[in-house]
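Visitor: If you scroll down you'll find the structure; I have some questions about it.
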Amino acid sequence: MLASSSRSWAAWTRALLLQLLLAGPGGCLSRQELFPFGPGQGDLELEAGDDRVSPALELSRGLRFYDKSNIGSVYVTTNGIIAMSQPPAEESHPGVFPPTFGAVAPFLADLDTSDGLGKIYYREDLSPSVTQLAAVCVQRGFPEVSFQPSSVVVVTWESVAPYQGPSRNPAQEGKRNTFQAVLASSDSSSYAIFLYPEDGLQFYTAYSKKDENQVPAVVAFSQGLVGLIWKSDGAYNIFANDRESIENLAKSSNSGQQGVWVFEIGSPATASGVVPADVNHGFDDGAEYEEEDEDYDPVMRLGPEDVATTLFPYETLGRRDTDSYHVPSVLSPRRVATESPPELPTARTRSFKLPVERFPQQRPQVIDVDEVEETGVVFSYNTDSRQTCATNRHQCSVHAECRDYTTGFCCSCVAGYTGNGRQCVAEGSPQRVNGKVKGRIFVGNSQTPIVFENTDLHSYVVMNHGRSYTAISTIPETLGYSLLPLAPVGGIIGWMFAVEQDKYKNGFSITGGEFTRRAEVTFVGHPGKLVVKQQFSGIDEHGHLTIDTELEGRVPQIAFGSSVHIEPYTELYHYSPSVITSSSTQEYTVTEPERDGTAPSHTYIYQWRQTITFQQCTHDDARPALPSTQQLSVDSVFVLYNQDEKILRYALSNSIGPVRDDSPDALQNPCYVGTHGCDTNAACRPGPATQFSCECSIGFRGDGRTCQDIDECSEQPSVCGSHAICNNHPGTFRCECMEGYRFSDEGTCVAVVDQRPINYCTSSLHDCDIPQRAQCIYTGGSSYSCSCLPGFSGDGRACQDVDECQPSRCHPDAFCYNTPGSFTCQCKPGYQGDGFRCVPGEAEKTRCQQEREHILGAAGVDVQQPRPSGFFVPECDEHGYYAPTQCHGSTGHCWCVDRDGREIEGTRTRPGAQPPCLSTVAPPTHHGPAVPTTVIPLPPGTHLLFAQTGKIEHLPLEGNTMKKTEAKALLHAPDKVIIGLAFDCVDKMVYWTDISGPSIGRASLHGGEPTTIIRQDLGSPEGIALDHLGRNVFWTDSHLDRIEVAKLDGSQRRVLLETDLVNPRGIVTDSVRGNLYWTDWNRDNPKIETAYMDGTNRRVLVKDDLGLPNGLTFDAFLSQLCWVDAGTKRVECISPGQPSKRRVLEGLQYPFAVTSYGKNLYYTDWETNSVIAVDLAISKETDDFHPHKQTRLYGITTALSQCPQGRNYCSVNNGGCTHLCLATPGSRTCRCPDNTLGVDCIERK
């Protein structure tokens, strides 16, 4: 019987192999063509139920997955996942993808096998017949690969049901899914095969317990969390995540057989992502079997129209194409016309491709690891070869010099700046620190913690006085008073910028504001302790220090309304390489609210112990060593909790210097005089009087007097991962990759493989001339060529404008004017035409020319003579249109006019001053080669964007420095007069106003064509601003005298303000607080106003000592509003909460628009046609940029590389509004668009 069964099994296997070999891509996969499964094949069966996870399936052969090898076991789940490690209980049901564990997901959804609703089988199979089946499938998907697996994992979900949730979905009653995942492994690589038989997928969505509604299934792979110390999401690949994609799984393929999908999941090629098969089998694939398959029916061939409609628009990756690429976020299988030359493909030879969404990791290389207490890890970035300034200058501050030494390089701040060289700030300049605080704190004897997250911390430091002011917002009343004694939470900032005594260094001079702090606070006589963890991350792109703080533990309860007093104190800081420690015992006095005429007060004691770890440059042996001990003197301490604002405030005055004799800490403690006898690898911890203790340093163990090195390599053999060698060093260890391997971005060792060729054109690594003059042509491999655009000549790397006027291409009776890349023709006087064809006769005069001739003719004055005094004669521009600024020859008054010459109300100036008038007519479009209108994609980083009549240019910033040599055009729009600019940091879109249309438009900085979002019912749109949180656009209209709002796509327009406006221009938002600010340069009553974003609470902010306020900008990080005034020729800044306090920089020439970034303002100037940088810290213009084209500059904005932190009440779900959500301080207002039809819009506050 057994022999008979074996013969039958072998025959069945041969038949299945023959089916796989004969199968063309047109045939659907039947259930009989799945890999054999069931109890008869030795399968294990997963326990029936919902959200079940199997015991570990131990593998006899190691599985490879992404960059990992030798995975020894896998877990099978009900919900369509094969896990590389046991899933945590909280992730047993589908949730946010990717999960924290490695996962292969052929159909990730909430599935259910309760009450006999299907079965799930799994096994590891080593039999030659099954391994050969897997080899055939892989061979079809990757024909160039020779692959023979030694182990195959077969998992089958048979007739499983969707989880129905609390209310059953009638449409899914009786629906069942059957599918299979096969993991095949050899010694060098692993592949996944997903099989979806015909009619095997009868439902495509399932109820999500997390989202509480139906969500589509997902086909994907995830590496899980990576990192030896710091854990973060690894790479993951999503192949299908919408209904259309899932529905096509059984109908499509990437291997040539419908319903069969093959992926390379573990090899040197998959270190950064799974590689899908990419095979197009033509009709000839089955040619060698044609005689055996005589019943194969011929079919109609596709016509040309079919080919045109089936082309796949996205480029797919080949097997070795492991770099990431972008495809649309809505991923669905698309049909592809296969190549089968010389004939057109047949309907049965169509294949299908699923575009892959790839998320590679982006992490720094980590080679040396030094452990430090519980506070984290000090990473050293030294490789075996000496690093030099030539390749690492970018690691130093722009205000530092880099010097090479025998073993490496070091950075040091230049004169006038202080810091550690990596981070430098101007000496004596005020500093700001911003960050977030989260906590989980028990108060008193309460058993319920108070939890808070994402709370803002802001600190202001007067560095030359060593004073630090720290505020932590939105601290609940139940906790605020009890945190009053914790002044050292902000005191660490005081230590950073303490006044330095001679030869002593504060924290910023040592660490550059890049360090980790862990402090423990013990309250004497009170159970428990509080742990403070702080991560300082250096200076951000805005010039502010950044800090993240976490508080956890228990604090004594302090009664509501109490005050806390802390006496001045001293604290000793002990220094060793890369580690700073301190400990102190302090008193604080709590005075409770007055009761019965008395205010009880009590004095308490608490002890602080902290460890600070940082990265120190060790290559400069000549650098003076720090004193082993320094004393921080805190001369005054002020703490306050504001119950109304829920703000906790700490203020301290600090200095750093030697241990003073009058200090109680200066007793002859053995730790200070060196008689302690601690091991050289131990720290001495001073106690009261002459008491002390010895504590072994991190990386050593012992009693402190004797410390032995911990051999991490022996105690943690796998600490370096696969293909790596661990070398122990005193107090630490080093990981090195074996020969033939290198460190990946994740810090693991991966095989060295050939890199794919680089397309220098798309990666902007070419040396062709700028896109306005040349194009880069990719020629395959790593080659490219450069070619000048029409209208330019040269070798493509340097292109010069061709003077089309030499000889002239215009009519003989026309003037030829050469322009960059083009030219224009204009008929001579006495002729009319387009310049290419001129005939005798005067060109029709414009309205301005006619009016001018009429006035001068009536006065008996020749048109060419100077303008007579005594009466007004209009000025026309070179094209015959009204000049935007008109002046009276006798009175000296000037005013602005519209395109028809009518005076614009409120623009008439006093004699001798000219108003900032805008030209409302676009210059004529040049004939000749067309100027491209597509947006040229921006490289990464922060940029300035500014408008110059018919184009928008970008100017990259490095820190606060303008990279003038890299300035380029972003958008050409020669038929527009672009005035205002605004940038959406979320979608990376630039928005603009055009007064020649008039219109409002936008374009993506990733490239593509610009679009117009508003073109109706506009007069003269000038200023524009965005609320990136609420997704709204605001603009001023100086002709219609109003301020409007709309959604970012131009829909749902509403007039916010239309009274008491004369010449509104600049406008800006404070998105987080829900405020709106704008200028009105009405000559008779110039002012700067503010209102909530819903138009309420309108008020005048500034009205005195203004001339012609033009542009304005709001710095969300400084909470500072600044504007430029063309009348007073000043830039001024205020805090909106204190409008009387104004900072002023005088002597500007003719500023128009302004934007802020970090410590700088950047404004456009009409007098110099330039962008000018102003350093507000020193109130001085520091740099300027003159574009190649010397014409007027208009709007300017900052294109931030990432959005500022914060949210408003419209950030989530549109604030619950049906239409417009308009943020206000601490709330929001729901508003309907103007002229709303129907009753579907609800207004409410």
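Every residue gets a Cβ built from N, Cα and C, even glycine.
Unlike curated entries, TrEMBL annotations are predicted automatically.
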Visitor: Of the residues CYS887, CYS896, which one does TrEMBL pair with CYS894 through a disulfide?
Guide: CYS887
Visitor: What does DSSP give as the helix, strand and coil breakdown of the domain 'EGF-like' (801-839)?
Guide: 0 helix, 18 strand, 21 coil
Visitor: Which residue counts does DSSP yield for the domain 'Thyroglobulin type-1' (845-917) in the helix, strand and coil classes, in that order?
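Guide: Secondary-structure breakdown of the domain 'Thyroglobulin type-1' (845-917): 12 helix, 10 strand, 51 coil.
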Visitor: In this predicted model, what is the average pLDDT of the repeat 'LDL-receptor class B' (1074-1118)?
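Guide: Mean per-residue confidence for the repeat 'LDL-receptor class B' (1074-1118): 92 out of 100.
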Visitor: Count the other Cβ atoms sitting within 10 Å of the Cβ of CYS887 (disulfide bond), across every protein chain shown.
Guide: 19
Visitor: As a quick check of your reading of DSSP, tell me how many residues in the domain 'EGF-like' (709-750) are helical, how many are strand and how many are coil.
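Guide: Output for the domain 'EGF-like' (709-750) reads 4 helix, 18 strand, 20 coil.
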Visitor: Please work out the number of neighbouring Cβ atoms within 10 Å of the Cβ of CYS894 (disulfide bond), leaving out its own Cβ.
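Guide: A 10 Å sphere around the Cβ of CYS894 (disulfide bond) contains 20 other Cβ atoms.
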Visitor: Excluding the flanking five residues on each side, which residues at least 6 beyond the ends of the repeat 'LDL-receptor class B' (1074-1118) place their CB within less than 8 Å of a CB in that stretch?
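Guide: Distant Cβ neighbours of the repeat 'LDL-receptor class B' (1074-1118) are 432, 434, 542, 544, 906-910, 913, 915-916, 1023, 1025, 1027, 1030, 1032, 1034, 1036, 1043, 1045, 1056-1057, 1061-1068, 1124-1129, 1134, 1136, 1139, 1142, 1151-1156, 1161, 1163-1164, 1195-1196, 1204, 1206, 1208-1209, 1222-1229, 1231.
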Visitor: On the DSSP side of things, how many residues of the domain 'EGF-like' (757-800) fall into helix, strand and coil, could you say?
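Guide: Final tally across the stretch: 0 helix, 18 strand, 26 coil.
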Visitor: List the helix, strand and coil residue totals of the repeat 'LDL-receptor class B' (988-1030) as derived from DSSP.
Guide: 0 helix, 24 strand, 19 coil
